[in-house]
Amino acid sequence: MASIAPSLKRAHAPLRKALTASSTIRAFATVPPTSSETTKPKRKSYFKDTTVAEFSDFLATSSPAQPLSPAEAFTLRTAEVGPEGKKRTITRLPEWLKTPIPAGNDNFKSIKKDLRGLGLHTVCEEARCPNISECWGGSDKNAATATIMLMGDTCTRGCRFCSVKTNRKPAALDPHEPENTAEALARWGLGYVVLTSVDRDDLADGGAHHFAETIRRIKQKKPSLLVEALTGDFRGDLDMVKVVAESGLDVYAHNVETVEDLTPYVRDRRATFRQSLSVLKHVKEVKGKEGIITKTSLMLGLGEQEHEVMAALEDLRKADVDVVTFGQYMRPTKRHLKVEKYVTPDEFEMWNKRALDMGFLYCASGPLVRSSYKAGEAFIENVLRKRSGEKAMARGTLAKAVALDSETRSSI
């Protein structure tokens, strides 16, 4: 018995220690917080305290933007917002990212009304594009552009930069959509249209035949309308790429979105950089002799390095891609990837020059440029320049290009 007692004593020691400390714990629980505890600031979160932009940040000022020094360009301004006692610090958008509110001109109103009436969707609205009023309005009626989103508004993929809804089993395809889309576009009097779609991995063909049928209906109703198809990768099924490429479109676009190393982090895991390259390359193999234009787009500001962008451009040229666009990545919501950097206009101009020097037919590069931004003006101007034998340029007006083309044809 004498040998057991010490072991029991050791076994009960932790319990006695806990019981002794319990009164202290209860005492701490009833002590009111001190003044220093009540005034202790809340831990900052990245979204609320660093990246949230106010509505006013998206409005352009009446005065023209002033040139910024390098130090000013990389130092973003902050502001205190909110009621007294609940103030928070936000980072304001750079001046070059501010846009005017949609003015609602006749083209804009007509397009929006018809979309609602025919139950059609546009990526302009679903992806919250900042250029919607400029593209839907157009510099004149024939220069207006619109981007119709086919096959519904719900995607089967979940890319970390995109604000489009996602679901494994979206609604069934609307069999009337090809005809309704063609009817709307013929009515609007546009000069150029971009057709895009959500990814439909739930369909055996990825929606390729639905896409192709829509293009054929459009060309039947209005052969003069230039059609660009911005497609997904069809899970790498090149036969489905061929179906769309042979449907009568003028421009085949597929976006690589970002550099190769960031692709697994930015895009859905079912998409790869090399798979996207194979799509663009196959289009040229199928319809290259007929002069089809291929196009892609990259977002900047996701953390990419300069040498990675150069490597992406080199790969795109090897795939014989004709047109490339660069734009600033803008975070749609707090659930999406954060902006790593706001790229300055000078840097976008640098990439514009480099792309043209590498042999791309055309490059649109700027903070607010999107894959289909001013698609009609960019395409028409540069194809007409090429037709006239003049080197493709990054600047110029649609009117000048049309006049140049008319002079060339009259002299033949």
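Cβ atoms are placed via backbone N, Cα and C, with glycine included.
For reference, Swiss-Prot has these:
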{"type": "BINDING", "residues": "Cys124, Cys129, Cys135, Ser372", "note": "[4Fe-4S] cluster 1 binding site"}
{"type": "BINDING", "residues": "Cys155, Cys159, Cys162", "note": "[4Fe-4S] cluster 2 binding site"}
{"type": "DOMAIN", "residues": "138-361", "note": "domain 'Radical SAM core'"}
{"type": "TRANSIT", "residues": "1-28", "note": "transit peptide"}
- What other residues of the same chain, not counting Cys155, Cys159, Cys162, have a CB atom within 8 A of the CB centroid of the [4Fe-4S] cluster 2 site? Arg157, Gly158, Phe161, Ser163, Val164, Thr166, Val198, Asp199, Asp268
- Note on the structure: So Cys155 ([4Fe-4S] cluster 2 binding site), by the Cβ count within 10 Å over all chains shown, scores 23
- Which chain-mates of Cys159 ([4Fe-4S] cluster 2 binding site) that are at least 6 residues away have a CB under 8 A from its CB, listed by sequence? Glu257, Val266, Arg267, Asp268, Ala271
